[in-house]
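**Q** What Swiss-Prot records for 1-40 is transit peptide, and it gives sequence analysis as the kind of evidence. Per Swiss-Prot, the feature region 'Disordered' maps to 75-100. The transmembrane segment feature in Swiss-Prot is assigned to 113-133, 146-166, 180-200, 230-250, 257-276, 289-309, 321-341, 360-380, 383-403.
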Amino acid sequence: MPALGTLSGGAAGVAGLLRLRRATPSPAVATPFPAAAAARCAAAAAAVVPDGGQLVWGRQLRPALLLPAAGGLLQPPTSPSSSQAGRRQALRPPAAATSGEAKPAGFLEKYPALITGFFFFMWYFLNVIFNILNKKIYNYFPYPYFVSVIHLLVGVVYCLVSWTVGLPKRAPINSTLLKLLFPVALCHALGHVTSNVSFATVAVSFAHTIKALEPFFNAAATQFVLGQQVPLPLWLSLAPVVLGVSMASLTELSFNWTGFINAMISNISFTYRSIYSKKAMTDMDSTNVYAYISIIALIVCIPPAVIIEGPQLLQHGFNDAIAKVGLTKFVSDLFFVGLFYHLYNQVATNTLERVAPLTHAVGNVLKRVFVIGFSIIVFGNRITTQTGIGTCIAIAGVAIYSYIKAKIEEEKRAKSA
């Protein structure tokens, strides 16, 4: 009997919660059991809850289902319409409430491969456009030191405007960080200027073929400067690179020693930039680091440009360029080539952050193929059969080297994890 009394008291409590009218307690009814008394008190206190029916789809409703989601006090309904709304809210399945709270997946989360492909496309597109426009400028304005300054100047202005609007937020810098970044920026400036001297004096395709030797200098610096052992497969993969560049250089129609030597200096400079970058690792994001490096490199590049090319520019350089293409085109070409230079470097960094090193290495090789191919088509450069074969061998060697190096790095990370 006690069990039966408890059950009947609980049922009375549920019935009281489901009544629309206020229940009138009878003093003559005895409540011998504490649980039944408590249930009747709860029913009297909450008798204003809208009537939702005791059975829904053949199931007994629980009192907790009818309690409001927010707040601990029950309020009486103000109108029949609000009563109906309350009943519909009470009878709504729990899944309907939780489904509304789930945030729909954004476009970036739903299609990551598509976004990564877009980054690769922009990287290639900006790089090809930069190289073509850069060479067109040198065809009527052969002053690579000044053009190098313009590249960096436009990039610095872009960074300053981005910092002003907070995209990205400028990271603070101190004297210690400046000392770490200065060697990196110095090598960046030297490599950038010598690359442009090479682009101005030889064909773009040949300059990029010479720059394919950069992995060889990286391996040599790692082995003999940093004292880190380079695996034998990496050294062997560099043999076709050296062979291909040698074959292409022997029969290149646009070959001259100024372009060749400056391209080699550029390779060495960018190699040391990589070495100093490893020593200057900071917690600053790559966008801010590249911005500070560009600012320092700009300051470094201005004096040589003024000393070496300043007098010629003032005498006839600017006037000759304006006479050939006009002031508007001359200024717009310089602005856009600087903008494309900064953007393609920034997109290359962002692409590296999205993909594995192996994917980025393969993409970098394909980028060089695109640049060489499009430059030959756009400028109609004549190349000999031996130069074409040598270029293909060099690019294939770089691809093999990049693949082996990326696999070795992945194995090292897997072992350390």
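In case you wondered, yes, glycine gets a Cβ from its N, Cα and C as well.
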**Q** For the transmembrane segment (360-380) and the transmembrane segment (113-133), decide whether they are in contact, meaning at least 3 CB pairs lie under 8 A, counting pairs 6 or more apart in sequence.
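**A** Taking Cβ pairs at least 6 residues apart, the transmembrane segment (113-133) and the transmembrane segment (360-380) are in contact, with 3 or more under 8 Å.
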**Q** Can you tell me which recorded stretch out of 113-133, 146-166, 230-250, 289-309 has the most Cβ pairs within less than 8 Å of the transmembrane segment (180-200)?
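**A** Looking only at 113-133, 146-166, 230-250, 289-309, the most contacts with the transmembrane segment (180-200) come from 289-309.
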**Q** Counting Cβ pairs under 8 Å that sit 6 or more residues apart, are there three or more between the transmembrane segment (383-403) and the transmembrane segment (230-250)?
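**A** Yes, the transmembrane segment (383-403) and the transmembrane segment (230-250) are in contact.
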**Q** Other than its close neighbours in sequence, what residues sit by the transmembrane segment (230-250), given a CB gap under 8 Å and a spacing of at least six beyond its ends?
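**A** Same-chain contacts beyond the flanks: 206, 209-210, 212-213, 215-216, 219, 222-223, 260, 386-387, 389-398, 400-401, 404-405, 408.
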**Q** Residue list, the transmembrane segment (321-341) vs rest of chain: Cβ under 8 Å, 6 or more residues beyond ends.
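**A** Long-range Cβ neighbours of the transmembrane segment (321-341): 126, 129-130, 133-134, 136-137, 140-141, 147, 150-155, 158.
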**Q** Who are the long-range neighbours of the transmembrane segment (113-133) in its own chain, taking Cβ under 8 Å and residues 6 or more past its ends?
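**A** Beyond its ends, the transmembrane segment (113-133) has Cβ neighbours at 199, 204, 208, 333, 336-337, 340-341, 343-344, 347-348, 350-351, 354-355, 363, 366-367, 370-371, 374-375, 378-379.
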